[in-house]
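J.: According to TrEMBL, the feature transmembrane segment maps to 26-47, 53-72, 93-117, 129-146, 158-176, 229-250, 271-295, 311-333, 354-374, 386-405, 505-527, 539-560.
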Amino acid sequence: MEPAAGCPAVGGSYPQKNAEILSSQYGINLFLAGLLLTFAWAVHAVGISKSHLLSYLITLMLIQLLWMLWYLCRSCTQRRLIRDKDTHAGARWLKCGITLFAVITLILDSFKIGYYIDFSNCLSPTEGIFPVTHAVHTILQVYFLWCHAKDVIQSFKTLERFGVIHSVFTNLLLWTNGVLTESKHQLNEHKERLITLGFGNITIVLDDHAPQCNCTTTTLCSIFSQGIYYLYPFNIEYHILASTMLYVLWKNIGRKVEHHQQNKTPFKFHGITVGMIFGLIVLTSTIAIVVVYLIQIGGSKIKSELALTMFYLHAIFVLALMCTAGIIALLIYRLEDRSLDNSKNPARKLDAELLVGTAAGSWLLSWGSILAIICAQGHPKYTWYNLPYSVLVIIEKYIQNLFIIESIHREQEKVNDDIKTLRIVTISRGTTLSLNPLYKEIYNGRAARDSNDIPCLFKGSICGRENDGAGVAKEETSQDNSLVTHSASDLSFCSRNSVTNKRRILKNIAAFLFLCNLSLWIPPAFGCRPEYDNGLEEIVFGFEPWIIVVNLAMPFSIFYRMHSAASLFEVNCKT
């Protein structure tokens, strides 16, 4: 009878597994069709224009808007029902981050609308409809993620799977469109910079699809056209963050959630002063380097070489510091004896996969640079700095990934068995008053986990009993109370030292690495890309092959830094 009893459970999960497979295949085909359309527009395929691509994206956004409105309306009608929530998904700081990027994306949309108005005589109507639709889509999507990112959907599961996966790949296609548009602008500037460095033999015709008519207001057109490309990095990060949050929502559909109390992990500045100071120094110096780089590069051959040398030296120093900090953190983890949390957690699993997957983008660029340095026949002086820079990029990401993945998998501190034993012994001796406040501190996670700190207190208590043996009963009671009080103060001292030393170091390292990753996100996001401007890789691999590699790998490299910063912020809160 046992096999028969198990059959309904298997039969019940079978349609849901089919729905998951069908919805994922639907999303992949949706994405591939849009990707091919984007590629066709980029290479000027016959019969394919930008209006076709924008029409496709507008259609996808409208379908997602209808689904989100339906879901929100259904949620309002069932708001009194108790819904399962994934406490690990949709953290508040993540929602705040995506809101910030969304606000800047709305500014970008307003710039696009102004750009369309100025060039309305020769632009397709879809270029005016697209930013309006995108603005509405952004507002509603951010509201949806704020309210429902933690939902574990248990009704209309098949329909919801298709709706959520449609939203995931719609955001991925909007991300792809943003990356392509921003890359085409970077390539035009890159062509000019290579000429100033002396690589005049590289010839390729690049087209940014500029309008074939005059602007009605020259000043505003210049502001809109230049401002758009400075805002694209935030738009790109917004869509990739939205797609990851929606993917976690898709994975949680039909999931059985374990109901347990989730500890809140607020962010506190207390105790991370050192890490913040060093991180802010790195952030400030990086911004200064980027400003000087963008001013100097392309001005002349000498200025361009000095700009590249300055960038490499600064990056080598920062990466070396990050490697050192990561190694220290891993050594502290090796000294601790804490188990890992291996429970099912889609958000945490996705974080780890994204860290390793997106790191492969910069690893690809680094190995390409290393190979170019080895194989090149001539080496300008500044190119030699690229070798330690590329090696450190590989090592730093390797160490940082280990630190972040282990940190997000570590269990929260629990009460030590020796501390519980001390509590029982204390109660049996009738002296609970002196240890009650301290035990609360221990139970709240502020006591040390090092087992060597606790037995010393028992030893002191035992020694005290031997010395009291010859006294009268009243003296023994008095000295016992004194010893327990002394043991309590020793326990407080030991626990606070062991906790604050390890935890403070780890929190400072997490804060420092958080600001360093933000610092290293800024240069490639705002056009400071030595992979483009170095010139040596283009000579070895050829201009077009290397540009293709950079354009494919660079978006993942940029996203890695922002995702690492978000993960390190979470690590700092949990430590």
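Glycine is treated like the rest: Cβ placed from N, Cα and C.
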J.: Answer with yes or no whether the transmembrane segment (505-527) touches the transmembrane segment (271-295) by the criterion of at least three Cβ pairs under 8 A, sequence separation 6 or more.
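T.: Between the transmembrane segment (271-295) and the transmembrane segment (505-527), contact is present.
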J.: For the transmembrane segment (311-333), which partner among 26-47, 129-146, 158-176, 354-374, 505-527 gives the most CB pairs under 8 Å?
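T.: Selected stretch: 505-527, with the most Cβ pairs under 8 Å.
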J.: Is the transmembrane segment (354-374) in contact with the transmembrane segment (539-560), using three or more Cβ pairs under 8 angstroms as the rule and ignoring pairs under 6 apart in sequence?
T.: yes
J.: In the same chain, which residue numbers or ranges, 6 or more beyond the ends of the transmembrane segment (129-146), come under 8 angstroms Cβ to Cβ?
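T.: Residues 54, 57-58, 61-62, 64-65, 68-69, 71-72, 90, 95, 98-99, 102, 105-106, 109-110, 112-113, 116, 167, 174, 238, 242, 245-246 contact the transmembrane segment (129-146) from elsewhere in the chain.
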J.: Counting a contact as 3 or more Cβ pairs under 8 Å, with residues at least 6 apart in sequence, do the transmembrane segment (158-176) and the transmembrane segment (354-374) touch?
T.: no
